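One structure is given here, and the rest of the page talks about it.
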Amino acid sequence: MSVEYDFSSDESILITESNEIKRRILYRLEDEGILVYDTNARVSDEPILPAIKLKSTISPNKKNKKSRGLDYDTHQFQNISQYSPKKNFQQDYTLVIPSDTLRFSSKFESGNLKKAIKLNDNEYRLILEYDTETQGYTQWYYFSVKPYKAPHKVRFYITNLMKFESLYNDGMKPLTFSMKKMLNGHKTWERKCTEVSYYKNQYLRPNENKFFYTLTFAYTFDDPEDTIFFAYSYPYTYSDLLEYVETLQKKHPSILRVNNLCMTLAGNCCPIITITSKINSYTNWDEEMIKLEKSAAGRRIMRIRESRNNETNKTKHQDKKAVFVTARVHPGESNSSFMIKGFIDYLVSDYKDASLLRKKIIFKIIPMLNPDGVIYGNYRCSLLGVDLNRRWNKPHRLMHPTIYYSKKALQILSEENEVLLYCDMHGHSIKKDIFMYGCYNSGKEVLDIKKNVFIRLIPYVLSLKNDNFSFKNSKFRIEKGKISTARVVNFTEFNILSSFTLEASFYGCTNFPKNQDHLLTPQLEKLGRDLCNTLLIFTSPRELKKKLNDLTYKLSGKTSPPKSCTQERFEEEYIGTINDALQNIDGEMIEGFDIEDSDSGGSDFEGSDNDDKKVSFKKKTEKSDTDKKIRLQNTAKSISPIDIVSESLAPSTPKPLRFFRDMAPLKKYRFRDNQSSSAIKDRTKLTDEKPNDITENGIKLKPVLHPSSIMFTREKIPHDSSLINAVKISKKIVKKSQFFEKRNKLQIINTIKNKLNNIF
Ligand SMILES: [Zn+2]
């Protein structure tokens, strides 16, 4: 097939049509350049894939819909295009490109380059895919480039970024990975880009009166045979996770269990890991699945029955405390995967402390709350185009299955064992350091003050163990924009005092030595290990009391440490000053307006709707920030030595240049719930809720073997309000159980009261 290039012609010229492949063949000019890569096209020498039909529902009038709330989600859910468990790529046409052109690809897991436009020999404009079903949230990028000559210095411009501020101007650099080096045994992500800069550009955002931002960087290709990958943060894909949990399960069968919490919208499994000593006598997954489908009242009745029947096994675990950890609700925050990996690796290790923790605590870990988003290369959203970390208050079983079942699993856990910690791991794009967001009690009673001190305990102890963790940058508050996040919902609904968002900067830490600027994966993993190790304070009442006294003394700002902190002494000397100190810190926070927290999101549509306001607000607060710095300088000092790691060994190496559709289907990971089919049968007998709501309300759904029992086929979703009806019905069920929940809540509050009184 011969194709003639016509460089002088206008946009989109049809050159030829081949009956053989039934695809238009195009050479295309775009934005004053030549289009050299488009996800919707195949390049002429790439293999031909069978044609698939994928359509997105994004339309301009959708912008008018409020992006928050169930109505929006329902609309999205009813109209969503078909997504497969693996990422699919259309080949609408064949793209003809000049031979002296860099060759781009993002057709692999988590890849998200949409287009590349050659401006001239040394400059390329790049456009990223928006998060699925949105017109925004671009921040994460992952793509590969194959050079055609060397040495060749090329400048790239990613021109459709949304965030109004970035650490790139402070020194942050994109990650690069050389395939050639990997084949020679040098399996390393590097930061080889130069002349990095970030600025507002002149491209208007669709349907908005706002501009995009550009990230530009230069890279020198030094081998024409190499392929270089570029990424925002160390990639950690869903396949990486499946490999990891499979290994874990094989290696540690006596202390660890991996199960499928539920299926995602695209039909992927969401692994949940349970770690504790003598796991074989712990409630098996079949029972847990039944509980997950029951109302609070139903679970209560079930528990009473259980305790009669099964005394011996239950006692082994009922005195244990519990810890619940999650990550990757925001798919682009891949650095959080390394923290959670460190946490798990430490916990399953042979260390004596790890063994003690397993003996005293039941750990439930969900390492990837948004597998679909990770596979499709999203930065923040699920396939519905919504931020799942704004759906914890009312998660919907069909629309937000991973959140719905995570919340339920945590609720059940908190009913049976005291939850010491809930931690949701994230990455932060605007601030340096690793730090936490915690919650806050607004009351002025002694108990409230004690709670506020206690809330700070884990971050405080962690800062003593880990140099990269900053206690002084950790904030404790509940903003309007955060009331539906995991940390706030789990704090308010389940009374978990230590409920945190853990944030690791995509860049580095303020206390780094001169020869280091970026956080490396071993440091992220160490943070996870240290967080796990921090929980040891809960295994020693003496140590717990001592650390709380230290913290109380620090927060109060007194000059001499108390000899002992008795109840009276605490009330006389500390309450007033601590309250003042806490008030001062929190006074700097304006309700519902958080300038620094990338987790704030603002609107669900684009992460930066309040950009301009935020910028001016930031300027105003800069002065008080300095004051705050001075005031807080002495609140926490790290004591452990810094371990600097010279290079980072990322476990995740790119899966290069293969079409996703060509790869063998992902293995069916059955984990350990092999008997789930019999469990489903049993459930028909055991549950008081209807097991066959599968065909209820006009929604025809196909049952699958997992707790949600449901994988919908989209063509069957009706275009009426039956989903809303389904929601109404589920509300009624909640009412029935409210009495039990209320009673349960009172019990928890009393337990906390007694516990805090005993410790202080
Ligand atoms: Zn996040």
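Glycine is treated like the rest: Cβ placed from N, Cα and C.
In the three-state DSSP classification, Glu503 (active site, proton donor/acceptor) falls within a strand. Taken from TrEMBL, the feature active site, proton donor/acceptor applies to Glu503.
Here TrEMBL flags 680-693 as compositional bias 'Basic and acidic residues'.
The annotation domain 'Peptidase M14' is assigned in TrEMBL to 234-539.
For 596-626 (among others), the entry in TrEMBL reads region 'Disordered'.
Sequence annotations record features per position, and here TrEMBL assigns region 'Disordered' to 674-694 (among others).
Its Cβ placed at the centre, Glu503 (active site, proton donor/acceptor) has 29 other Cβ atoms within 10 Å. Residues belonging to the domain 'Peptidase M14' (234-539) score a mean pLDDT of 92 in the model.
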